[in-house]
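So the structure is just underneath, and the comments pick up after that.
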Amino acid sequence: MTPAEDTAVHASKGTIRVLQLYPRDMNIYGDWGNALVLRQRLLWHGYTPELLEYNVGDDFPEDVDLIVGGGGQDSGQIVIQDDLQSRGEQLREMAEDGTPMLVICGLYQLFGKFFKTKSGPVIPGIGILDVETVGTDERLIGNVTLTSPEFGEIMGYENHSGQTSLGPGVEPLGTVSKGAGNNSKDNHEGARHRNVVASYLHGSLLPKNPAIADFLIRTAVERKYGTFVPGTPDDGYARRARENAARRPR
Ligand code: GLN
């Protein structure tokens, strides 16, 4: 079914514009799947999704309701750094205004203050999140499970050299029971500020963690239309993906 046919069979309660940040350079270990999950769950909830992309040098789209951004190699982060700085003020304003955002790994790091890479260069962040990241020789790789006060048990996969420390301006997304998360020391994974959810977890994250997807959707809809009227998503796929993920070793 094409997206147009897919939406035609649903009576739309409204349109939600989902923007992927830098999918060309920042999109590894399946992060694109996050946008696809938002698209499908918006349809199940009875809303019309519009998926938009923003890459280096593009015009920034108008009227964005929800933002997702993925991870990348250090080299990808270097490619986007100047463009990201040029969009920093706009993204900071949107985040402070309450726009829901999900940023994974490489963009999580660059939504913070800086990422000092292992090979030397310091990539400046845009400071939406009060976090700092320093690359180390110890790469943190493998499956992760954490518990979050808001979203319950979260599962995903990490692969990063950067180790992130949280400042007082953010809360961790949750506490890790399997894997590392932000760093190899404090058992924290991810960060929360306003309606920004930041996490190291790929896999992608949202297919296995629909509670986070629905938080982003509900927040976007409430900001735009006042109230969110949920539909009846098919959570069978997510349930099976979670059962599989839970059985995996670190
Ligand atoms: N390049 C960053 C690091 O290694 C981010 C990696 C990622 O997005 N998976 O820490």
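Cβ coordinates come from backbone N, Cα and C, glycine included.
From a predicted model like this one, the values you see are computed outputs, not experimental measurements.
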Matching range for TrEMBL feature annotation, region 'Disordered', among 146-166, 230-250: 230-250
The compositional bias 'Basic and acidic residues' (236-250): DSSP-derived helix, strand, coil residue counts: 12 helix, 0 strand, 3 coil
Neighbouring C-beta atoms (10 Å sphere around the C-beta of Arg139 (substrate binding site)): 14
Residues satisfying Cβ distance under 8 Å from Cys105 (active site, nucleophile), sequence separation of at least 6: Ile28, Asp31, Gly70, Gly71, Gly72, Glu158, Asn159, His160, Ser199, Tyr200, Leu201, His202
